[in-house]
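Listed in Swiss-Prot for this protein:
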BINDING   66, 99, 162  Zn(2+) 1 binding site
ACT_SITE  68  active site
BINDING   99, 134, 348  Zn(2+) 2 binding site
ACT_SITE  133  active site, proton acceptor
């Protein structure tokens, strides 16, 4: 059994449902310490984090990832227990197999092998690992990055081991991510009897035109690196608990996924202009869960693409598709951030899995990238 597969199995066996680490980080820390890494455990609240490094020079390249996973859902729908790593037809099944315990296993084994072969290597290799990526992400990578900045530790390059590939390992890497902003909107009307609408003000009826305008608005055209900004309602609630009552309020929740084309303030102002145009009485609360970032095709991305070409014989596609990741926190330091990991088709799904052959290739890609960088 390969070292990467063996480590992945150990990690899958730990039911690390966010924010519980379930001992995964102890396994990783012990392995890294055994090859000379210095490690710091950085707990914040109930979240486990660690920071590890080997070397004392620049450039500083870090691997970043998370040990927490989403709940398995209905376990009767799994063909094997979600926290029992199971090999079948060349694949290994288990919660976290794709997102992202395989990435963690491959990064750690690649770093171990590199340090063993190059004990006096140039540069510094580091790890940021958290158990708070699938949850609120308030006490995880963000707090570790704050800690590193307080210590004046300058990061140059970062590989996030998220499942970035689409159909084949290495066919895509992320060189940026869109931002995410939520809005909670309350439309205020006047409650009344449903038989006497002239004595009430129905917030549901009042909202229709404004909601249609918001849904149809073209916020931007996107650009060569980012798709157009997306606006989606995901929850609408109204009602007074009785069939003969016009409700006093309607509550709606919506989300923006946006490129660096806009600031959050610009999007907020545009929403409020539309609501004001339709003369709505409203209250709105905003929550910016992540800012967009774009690292572009820098030195790290160039070497990662070279490593993928050498090992997988693919011309990888750099893109910014998908949701958010902890890369957004690390990008605030000014370092180049890319995401490179296994195929993402089964992430968060029942019977989550990864091709076993991809584990060795992914380990080799990380190893080769280290060779090229330092």
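Even glycines carry a Cβ here, placed using N, Cα and C.
Shown on the structure are the features that Swiss-Prot records.
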residue : record                       : Cβ neighbours (10 Å)
66      : Zn(2+) 1 binding site        : 33
68      : active site                  : 26
99      : Zn(2+) 1 binding site        : 27
133     : active site, proton acceptor : 26
134     : Zn(2+) 2 binding site        : 22
162     : Zn(2+) 1 binding site        : 27
348     : Zn(2+) 2 binding site        : 16
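Sitting within 8 Å of the Cβ centre of 66, 99, 162, and not among those site residues for Zn(2+) 1, are the Cβ atoms of 65, 100, 103, 133, 134, 160, 161, 163, 325, 341, 347. Rounded to a whole value, the Cα-Cα separation of residue 133 (active site, proton acceptor) and residue 348 (Zn(2+) 2 binding site) is 13 Å. The subset of binding-site residues (99, 134, 162, 348) lying with their Cα within 10 Å of the Cα of residue 68 (active site) consists of 99, 134, given in sequence order. For residue 348 (Zn(2+) 2 binding site), the nearest of the binding-site residues 66, 99, 162 in terms of C-alpha separation is 99.
Taking the Cα atom of each, residue 66 (Zn(2+) 1 binding site) and residue 134 (Zn(2+) 2 binding site) are about 8 angstrom apart. Spacing of residue 134 (Zn(2+) 2 binding site) relative to residue 162 (Zn(2+) 1 binding site) is 12 Å (Cα to Cα, whole number). Same-chain residues that are not part of 99, 134, 348 yet have a Cβ within 8 Å of the Cβ center of the Zn(2+) 2 site turn out to be 69, 70, 96, 100, 347.
According to its DSSP assignment, residue 66 (Zn(2+) 1 binding site) is in a strand.
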